[in-house]
Amino acid sequence: MDKKSGGTKAIEEATVPLLECHNAAEEGGGMKREIWIETKKIWYIVGPSIFTGLATYSILIITQAFAGHLGDLELAAISIINNFTLGFNYGLLLGMASALETLCGQAFGAREYYMLGVYMQRYWIILFLCCILLLPMYLFATPILKFIGQSDDIAELTGTIALWVIPVHFAFAFFFPLNRFLQCQLKNKVIAISAGVSLAVHILVCWFFVYGYKLGIIGTMASVNVPWWLNIFILFLYSTRGGCTLTWTGFSSEAFTGLLELTKLSASSGIMLCLENWYYKILMLMTGNLVNAKIAVDSLSICMSVNGWEMMIPLAFFAGTGVRVANELGAGNGKGARFATIVSITLSLMIGLFFTVIIVIFHDQIGSIFSSSEAVLNAVDNLSVLLAFTVLLNSVQPVLSGVAVGSGWQSYVAYINLGCYYLIGLPFGLTMGWIFKFGVKGIWAGMIFGGTAIQTLILIIITTRCDWDNEAHKSSVRIKKWLVSDAGN
């Protein structure tokens with residue numbers, strides 16, 4: 001927002017619903033002008049973030065596409081790796097790192113710049129230790145998958161290739177903090193350029209491993225390690241070699257202080273996001289226990305891949321909204337945080353509607369990117385309606401979660417996710433899938449309408465009833481608390 005509207009006193013802010021008119025906009029030259037200003041601010045973050053998300057996710061999609069043309073078993077194994085082994089850990093570590101959006105975003109808004117570098121170093125340590133604790137999921141992937149009901153051939157192949165993605169697992173610990181560190185400083189173009197370079201390298205390496213050296217499924221998965229670590233190398237060099245002079249002041253012994261308190265905050269963020277992320281991973285695992293599991297897993301994994309690809313857009317809005325809300329609250333501007341929320345939700349919903357229509361129109365052609373099997377393509381076609389509904393709901397829900405991250409509500413949203421997803425959605429999906437014999441369509445439909453839809457509705461209610469002036473005050477108190485804590489250490 002501009003200085004005039006940003007400095008306007010908020011009168012009776014607590015009683016004004018989120019979706020009512022923005023009075024400061026009229027004072028600053030009209031609603032349209034304020035919407036345009038806020039839209040530019042959001043797109044400055046979201047635009048490069050969308051490209052970054054698409055490029056990063058495309059690394060896994062391209063890998064899956066290569067595997068799909070090797071055979072149905074290979075596609076199923078890669079799908080399990082992406083959605084279970086990597087997917088579970090990705091969700092937890094990304095969720096824990098999202099606490100940096102609250103800390104760095106509000107510190108940046110309050111002009112406490114040096115703390116961003118300290119926070120990033122602390123999260124490198126925290127996430128690296130978490131990666132060590134999560135290693136058994138890779139080392140014992142085969143027995144774990146067999147225990148939860150996956151077929152022996154899929155479990156054996158998945159366990160073999162799981163060992164080849166352990167370097168990617170540890171890459172998460174360094175990439176996520178670097179990404180949030182730069183993102184909160186609005187250096188999204190740097191992140192996007194690095195992601196684009198890494199994607200281009202991955203395509204070459206993947207083709208070379210699979211078709212040049214004929215390494216098959218092992219070469220396909222091994223190629224994933226190269227772009228992730230290249231991305232980290234580029235971002236690290238930029239951050240530490242003059243690109244962030246205000247926020248990076250060198251390695252600090254302060255990185256080893258306050259780790260326990262930050263871990264507690266990270267746990268709330270991790271639980272909030274991973275409960276949501278794991279929800280759809282569990283859908284994949286339950287499908288593996290159905291009759292004709294290979295076709296069911298392949299078709300659902302294709303739908304989840306398309307959804308995940310499109311999901312990079314609302315996730316960019318998740319990140320952008322979190323940064324905008326955190327910056328405004330850190331600057332003491334509750335009104336600006338509220339207005340940023342309105343604009344961000346509206347933009348994301350419009351894009352979601354567009355892609356929903358695209359999926360409905362091209363419902364019978366979606367699967368051809370990943371497979372040439374007629375049975376798999378028909379199964380994907382049958383699931384396209386549910387895919388469209390999922391895309392539409394996900395155009396709103398992540399943005400609301402971004403508001404939660406920017407405001408520091410992670411612990412509350414974690415309870416909401418637990419209740420909606422696992423106490424309502426999951427049992428509903430199981431009932432529809434097995435008791436009423438609707439198979440994968442029943443499981444997915446039950447989990448969408450029983451979990452995601454209810455969770456989105458609750459978040460809408462919470463956001464519309466939010467007292468934004470009070471949130472700005474709490475942000476100021478939180479920043480002072482951490483500064484005093486660091487001074488004491």
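Placement of Cβ uses the backbone N, Cα and C atoms for every residue, glycine included.
Copied from Swiss-Prot, the annotated features are:
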- 42-62: transmembrane segment (TRANSMEM)
- 75-95: transmembrane segment (TRANSMEM)
- 125-145: transmembrane segment (TRANSMEM)
- 157-177: transmembrane segment (TRANSMEM)
- 190-210: transmembrane segment (TRANSMEM)
- 217-237: transmembrane segment (TRANSMEM)
- 271-291: transmembrane segment (TRANSMEM)
- 300-320: transmembrane segment (TRANSMEM)
- 342-362: transmembrane segment (TRANSMEM)
- 385-405: transmembrane segment (TRANSMEM)
- 416-436: transmembrane segment (TRANSMEM)
- 442-462: transmembrane segment (TRANSMEM)
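Stretch with the most C-beta contacts under 8 angstroms to the transmembrane segment (75-95), considering only 42-62, 157-177, 271-291, 342-362, 442-462: 271-291. Residues 56, 59-60, 63, 66-67, 70, 74, 77-78, 81, 157, 160-161, 164-165, 167-168, 171, 174-175, 178-179, 182, 190-191, 194-195, 197-199, 201-202, 205-206, 208-210 of the same chain lie 6 or more positions beyond the ends of the transmembrane segment (217-237) yet place their CB under 8 Å from a CB of it. The recorded stretches the transmembrane segment (385-405) and the transmembrane segment (157-177) do not share 3+ CB pairs below 8 A when only pairs 6 or more apart in sequence are counted, and are therefore not in contact. Proximity of distant same-chain residues to the transmembrane segment (157-177), defined by a Cβ-Cβ separation under 8 Å and at least 6 residues beyond the stretch ends, is recorded for 73-74, 77-78, 80-81, 84-86, 89-90, 93-94, 96-97, 100, 119-120, 123-124, 127-128, 130-131, 134-135, 137-143, 145, 150, 217-218, 221-222, 224-225, 228-229, 231-232, 235-236. With pairs at least 6 apart in sequence, the transmembrane segment (442-462) and the transmembrane segment (342-362) have fewer than 3 Cβ pairs within the 8 Å limit; the two do not touch. Counting same-chain residues at least six beyond the ends of the transmembrane segment (42-62), those with a Cβ under 8 angstroms from any Cβ of the stretch are 82, 86, 179, 183, 186, 188-189, 191-192, 195-196, 198-199, 202-203, 206, 224, 227-228, 231, 305, 308-309, 311-313, 315-317, 319-321, 323-324, 340, 343-344, 347.
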